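S.K.: Just dropping this structure here.
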Amino acid sequence: MGNVTRSSSEVYTSDSEKGFAINHSTPPELDAGAKFVLVSRGSWLHCGYHLTTSIVAPVLLTLPFSFTLLGWVGGVLWLTLAAVITFYSYNLLSVVLEHHAQLGRRQLRFRDMARDILGPGWAKYYVGPLQFAICFGTVIGGPLVGGKSLKFIYQLYHPEGSLKLYQFIIICGVITLLLAQLPSFHSLRHVNMISLILSILYATCVTVGSIYIGHSKDAPPRHYSVRGSDADQLFGVFNGISIIATTYASGIIPEIQATLAPPLKGKMLKGLCVCYSVIATTYFSVAISGYWAFGNDSGASVLSNFIGETKPLLPKWFFLMTNIFILLQVMALTAVYLQPTNEIFEATFGDPKMGQFSMRNVVPRVVLRSLSVAAATVLAAMLPFFPDIMALFGAFGCIPLDFILPMVFYNMTFKPSKYTITFWVNTLIAGASSILVVIGGIASIRQIVLDAKTYDLFADV
């Protein structure tokens, strides 16, 4: 074993058996964002809770609608393929992160990976802004989805009530504001454990409800043909693929792995297994039962199909219970996606040399987090068709971060031979996903243009 000097401050020892170099220098001092928000104290089970909350969300209720664009074969095929690809992709990210940690430089953020592997320009001008847009976009969507659930519950008992959607969005924004003050990602571990249970509960409710309606005397007529002109069907296929890809998206895998206490080896894989066991339980049951029950009339959210033309197809208590589960879970989801934005604020305005709960750090933390949530809440109230915008984020943001960059990071880090299947699988996934970004983005923009004609700012929809 010989010493190789990389710089005056970093000394590495090579290990031919393990195939990596170990950095024996003192690790760089963490900034306030990494030190306070991404504190590394969690177990693999906590990681599983975080992963599940970041991926399994009420957006899975759009899966039956995606099947209306893809049909039975295309829907099941892409739902399965996306699960396999994203599990593989997230595991690749984990392996790259573990490798760099063994080299003595643990990367705690997506932009850290981009800086070290692709260069500082990619981190500053591409990966960083892209991840921020996805995370802040999700924070906007959280109060909107929660507000719609609250409004639905209100209208169950007050059909002629005067309260508007924006008022319920503000209520959810206040809840988000309180959750935003939790100091670190790790402090959400118990919240996310409850979130995992809630996601299984409302997915079970939707599945049971779909099966019940499908077998009831009030079952709507259903057809499974893909409707529309050839052009509509073509755009629909890519829009459906983008929707499914977005349901599997995370965009914050490095930040979640950052919450793990060292040593890292194998912990992320265990967390992914926890997460994908929930995905297998919820995604396929909701997608298949919903599409089976309502066919190509499945709405943008399958819950909309539970309301018949003249009366609800299920008891009032069912809607109340399901929407409460969704409301609570989406608040946890919003808190998770606040963490990367919180980390940026903390890194920029916090002082790592002062205590986390010193006045010097608490005041800017509370002010900036509160302002970001307030801005997101206002935007949610202004843009009630925001889910269409999230489909655009999915095409231009989630697919690059979750389907393309992990393949690029792995190939650039480990440099697999061009004669290996690993190299070509990674290259094929990255190439096909790049094409999907362009076509899916065009389809999403087209849908936004169509839907924007029917909505006004602060619309009560």
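Keep in mind that glycine also has a Cβ here, set from the backbone N, Cα and C atoms.
So TrEMBL has the following annotated:
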- 41-443: domain 'Amino acid transporter transmembrane' (DOMAIN)
- 49-70: transmembrane segment (TRANSMEM)
- 76-101: transmembrane segment (TRANSMEM)
- 122-145: transmembrane segment (TRANSMEM)
- 165-182: transmembrane segment (TRANSMEM)
- 194-214: transmembrane segment (TRANSMEM)
- 234-253: transmembrane segment (TRANSMEM)
- 274-294: transmembrane segment (TRANSMEM)
- 314-338: transmembrane segment (TRANSMEM)
- 366-386: transmembrane segment (TRANSMEM)
- 392-411: transmembrane segment (TRANSMEM)
- 423-445: transmembrane segment (TRANSMEM)
S.K.: Where else in the chain does the transmembrane segment (122-145) make close Cβ contacts, counting only residues six or more beyond its ends and a cut-off under 8 Å?
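M.R.: Residues 58, 110-115, 169-170, 172-173, 176, 249, 251-252, 326, 330-331, 333-334, 337-341, 344, 372-373, 376-377, 379-381, 383-384, 386-387, 389-390, 393, 396-398, 400-401, 405.
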S.K.: Can you name the far-off residues of the same chain, 6+ from the ends of the transmembrane segment (194-214), with a Cβ under 8 Å from a Cβ of it?
M.R.: 48-49, 52-53, 56-58, 60-61, 64, 220, 222, 278, 281-282, 285-286, 289-290, 292-294, 302-303, 305-306, 313-314, 318, 321-322, 325-326, 328-329, 332-333
S.K.: With the transmembrane segment (165-182) as the reference, find which of 274-294, 314-338, 392-411 contributes the most Cβ pairs under 8 Å.
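M.R.: Out of the listed stretches, 314-338 contacts the transmembrane segment (165-182) most.
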S.K.: When each of 49-70, 274-294, 314-338 is checked against the transmembrane segment (76-101) for Cβ pairs under 8 Å, which one has the most?
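M.R.: Most contacts with the transmembrane segment (76-101): 274-294.
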S.K.: Using a Cβ cut-off of under 8 Å, list the residues of the same chain at least 6 residues beyond the transmembrane segment (234-253) that approach it.
M.R.: 51, 54-55, 57, 59-60, 62-63, 65-70, 74-75, 78-79, 82-83, 86, 90, 93-94, 110, 131, 134-135, 226, 228, 279, 283, 336-337, 339-340, 390-391, 393-395, 397-399, 401-403, 436, 439-440, 442-444, 446-447
S.K.: Find the member of 49-70, 274-294, 392-411 that has more C-beta pairs under 8 Å to the transmembrane segment (314-338) than any other listed stretch.
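M.R.: Highest pair count goes to 49-70.
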